[in-house]
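*Asks:* According to TrEMBL, the record shows the following:
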TRANSMEM  A:6-25  transmembrane segment
TRANSMEM  A:32-49  transmembrane segment
TRANSMEM  A:69-96  transmembrane segment
TRANSMEM  A:108-127  transmembrane segment
DOMAIN    A:128-418  domain 'NADH:quinone oxidoreductase/Mrp antiporter transmembrane'
TRANSMEM  A:133-151  transmembrane segment
TRANSMEM  A:205-230  transmembrane segment
TRANSMEM  A:242-267  transmembrane segment
TRANSMEM  A:273-292  transmembrane segment
TRANSMEM  A:334-351  transmembrane segment
TRANSMEM  A:371-393  transmembrane segment
TRANSMEM  A:405-426  transmembrane segment
TRANSMEM  A:455-474  transmembrane segment
Amino acid sequence: MSEHLVIYPIIVHMLTAILLLFFWMNPKIQRYISILGSAVGIIIGILLFKEVWTDGIQSVQLGNWQAPFGITMIADTLAVSLIVLTNIVAFALSIASTKNMVSTRVKFGYHAIFHFLIMGLSGAFITGDLFSLYVWFEVIIISSFVLLTIGGRKIQIEGAVKYFTLNMISSIIFLTGIAMVYGATGSLNMAELSRIIPEMENQGLVQTISLVFFIGFGVKSGVFPLYFWLPASYHTPPSVVSALFAGLLTKVGIYAMLRVFTLIFPLGEMNQMILMVIAGLTMFFGGIGALVQKDILRVFSYLIICHIGFMVGGLSLFTEVALVGAVMYMFHDIIVKATLFMMGGVMYRIFGTTKMENMGGLMDNYPKLSLLFAIPLFALVGIPPLSGFWPKISLFSASYTAGEIAMLVMFIFASLITLIIVAKIWNKAFSKNENRIERRASFKYFKDFSFSEKAAYIVPIVLLVGVTLYYSFFAEHFQLVAERIGYELMNTEEYYNAVFGIKEVTKL
Amino acid sequence: MKSLILKTVSKTLLPLLILFSVFVLLRGHYLPGGGFVGGLIAAVAFILHAFANGLPETKKLLRIHPGFLIPIGLTIAILSALAPIILTGDPLMTGLWQEQDVPVLGKIGSALFFDMGVYFVVVGVCLTIIFTISESV
């Protein structure tokens with residue numbers, strides 16, 4: 001049974017979700033099942049990571065149909081590290097949703113959909129087939145749409161309409177790209193495509209098709225001209241849901257880009273240029289957008305966009321060091337962005353508002369909490385030794401050695417603008433004198449919470465900050481993993497051999 | 001829409017339609033049909049009954065909340081997918097088939113159980129949607 005470990009991350013969350021559906025009417029038990037399911041998810045993720053780390057890339061042929069004909073599930077180092085991080089975030093957030101969720105939301109199946117979403121994410125990470133990737137993307141979109149609208153407030157529906165329309169369009173574009181690839185090559189197996197595509201005569205066509213994929217994934221990850229849905233929708237749902245979206249959903253788009261543009265369509269000169277320009281513009285507009293926003297959750301939303309630029313920029317440089325930087329940044333970003341939105345939720349409960357000018361005095365009233373919140377904020381900027389610093393070393397040096405000074409300037413610009421934004425948040429919410437605004441009568445403030453409610457808000461943040469600190473002080477572990485990922489992304493033989501089961505030949 | 005004719009007919013049609021849905025579910029192996037279509041037909045049977053006799057009557061007939069059929073169907077489907085891992089050590093979703101033909105049904109395999117899972121999920125989802133809509137109108 002252990003040889004099928006590759007698919008267990010999907011199975012665990014599916015079983016958890018089914019179990020949760022059985023307890024539809026019993027929200028109390030649902031909480032514990034949800035936490036338990038996520039904990040088992042972490043354990044399985046770590047076991048799979050260990051196996052991949054020691055024995056190389058693992059694969060399973062679904063239905064026992066051999067590789068180019070059936071669907072292959074394949075776990076390489078990139079996929080398993082993302083699965084481990086996803087499950088850690090899911091665990092933290094399922095603790096948070098014990099008290100954070102109004103019972104009307106739980107009654108409409110919040111917990112089950114949460115696990116279906118994690119299942120979709122795990123599936124997208126480990127599939128080795130383009131069409132199957134599309135199907136997992138659909139699972140993710142449908143679950144996220146339910147999570148976004150559950151509760152049914154007007155502002156939520158408004159955000160969800162924008163979110164759903166643009167994501168649907170991106171799915172259609174992605175599907176069109178798949179149709180083009182299938183028409184041109186007759187295969188959708190990623191490993192087989194990696195051998196067919198370089199030998200095709202019409203390379204211009206191939207590069208064009210790859211741009212169709214870039215648009216499809218670009219909408220999902222929120223790159224420059226296609227990001228407007230993101231700040232319009234991410235501040236509307238409860239903080240747990242937006243933390244989940246911020247941490248993981250945009251990163252699936254980046255993961256798909258990393259996979260497709262290294263394995264199937266290695267970036268050509270022209271596409272590299274296009275990606276580079278778009279990465280620069282994404283950082284610029286994301287940063288500027290964050291600077292002018294007054295609502296703290298909207299500031300965080302724009303920061304997501306700004307920092308997506310780092311990952312796309314790392315990919316566009318297309319050297320091993322740059323990919324290492326991009327992957328490192330992704331690891332850091334998943335944890336920190338999820339923490340930020342959880343933090344935003346706590347600040348909303350403390351001040352009763354998300355407008356920054358109405359905040360103030362956090363440092364005087366909650367000194368310990370302020371210290372806790374300072375860590376992800378400073379990690380975001382990349383103040384050494386916190387986690388944002390380490391990937392930037394690789395990214396900066398890669399752009400310098402590649403001679404792309406414009407890219408380097410944009411990286412530095414984005415880092416500086418993040419620093420300005422964090423300083424602004426610190427000024428307005430933490431160190432400014434307390435700003436007495438009228439208490440809202442029917443609003444439950446943080447200081448009125450019972451101990452267990454406070455714990456449900458704070459424990460997940462502590463957990464995620466713990467991961468950030470581990471990343472910060474043991475960055476060499478992450479560096480090692482990222483270097484191996486960079487190697488695997490640039491040298492696709494092992495991936496190909498794992499899919500087609502010709503391991504022995506390479507070992508001789 | 002409580003006409004006497006519809007009421008009478010629906011009582012006869014309900015078992016017939018359910019029988020037909022099971023037939024469609026089973027013939028799905030070799031001919032057009034399968035769990036999805038069968039599930040839709042079964043759902044239509046109950047919806048027709050609800051139109052003729054009113055929602056409370058149909059709920060009494062069903063005894064359990066139709067939403068409960070969703071996890072049951074999902075469980076059957078995932079067990080049929082997991083069966084090869086547990087029984088023979090083959091990868092997920094490998095088809096397991098019985099050696100001999102069963103009279104009437106033909107060969108029985110894990111695919112049939114997957115279809116049955118789909119059948120229950122479709123019935124559950126359709127009835128939940130329709131019941132919710134007609135309750136809120």
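Backbone N, Cα and C atoms are what each Cβ position is placed from, and that goes for glycine too.
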*Asks:* Need a quick answer: max count of Cβ pairs under 8 Å to the transmembrane segment (A:405-426), which of A:6-25, A:32-49, A:69-96, A:205-230, A:273-292 is it?
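*Replies:* That would be A:273-292.
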*Asks:* Could you tell me what the rest of the chain brings near the transmembrane segment (A:69-96), counting residues at least six beyond its ends with Cβ under 8 Å?
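*Replies:* Those are 6-7, 9, 31, 34-35, 37-39, 41-42, 44-46, 48-49, 52-53, 57-63, 111, 114-115, 118, 121-122, 125-129, 132, 189, 191, 239-240, 243-244, 247-248, 251, 255, 258-259, 327, 330-331, 334-335, 338, 342, 456-457, 459-461, 463-464, 467, 481, 484-485, 488-489, 494-495, 498-499, in sequence order.
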*Asks:* Are the transmembrane segment (A:334-351) and the transmembrane segment (A:242-267) close enough to be called in contact, which here means at least 3 C-beta pairs under 8 A that are separated by 6 or more residues?
*Replies:* yes
*Asks:* Taking the transmembrane segment (A:133-151) as the first stretch and the transmembrane segment (A:371-393) as the second, find out whether 3 or more Cβ pairs fall under 8 Å, excluding pairs closer than 6 in sequence.
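*Replies:* No; fewer than 3 Cβ pairs under 8 Å.
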*Asks:* Are the transmembrane segment (A:108-127) and the transmembrane segment (A:242-267) close enough to be called in contact, which here means at least 3 C-beta pairs under 8 A that are separated by 6 or more residues?
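*Replies:* Yes, the transmembrane segment (A:108-127) and the transmembrane segment (A:242-267) are in contact.
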*Asks:* Looking at the stretches A:32-49, A:205-230, A:242-267, A:371-393, which one shares the most CB pairs under 8 Å with the transmembrane segment (A:273-292)?
*Replies:* A:205-230
*Asks:* Same-chain Cβ contacts of the transmembrane segment (A:242-267) under 8 Å, 6 or more residues past its ends?
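*Replies:* The answer is 78, 82, 86, 89-90, 93, 96, 114, 117, 121, 124-125, 130, 133, 137, 140, 144, 147-148, 181, 190-191, 193-194, 197-198, 206-207, 209-210, 213-214, 217-222, 230, 234-236, 275, 297, 300-301, 304, 308, 311-312, 315-316, 318, 323, 326-327, 330, 333-335, 337-342, 344-345, 489-490, 492, 495.
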*Asks:* If we skip the immediate neighbours and take only residues 6+ beyond the ends of the transmembrane segment (A:205-230), which ones have a Cβ under 8 Å from one of its Cβ atoms?
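*Replies:* Same-chain contacts beyond the flanks: 137, 162-163, 165-167, 169-171, 173-174, 176-177, 180-181, 184, 197, 249-254, 256-257, 260-261, 264-265, 268, 270-271, 274-275, 278-279, 281-282, 285-286, 301, 304-305, 308-309, 311-312.
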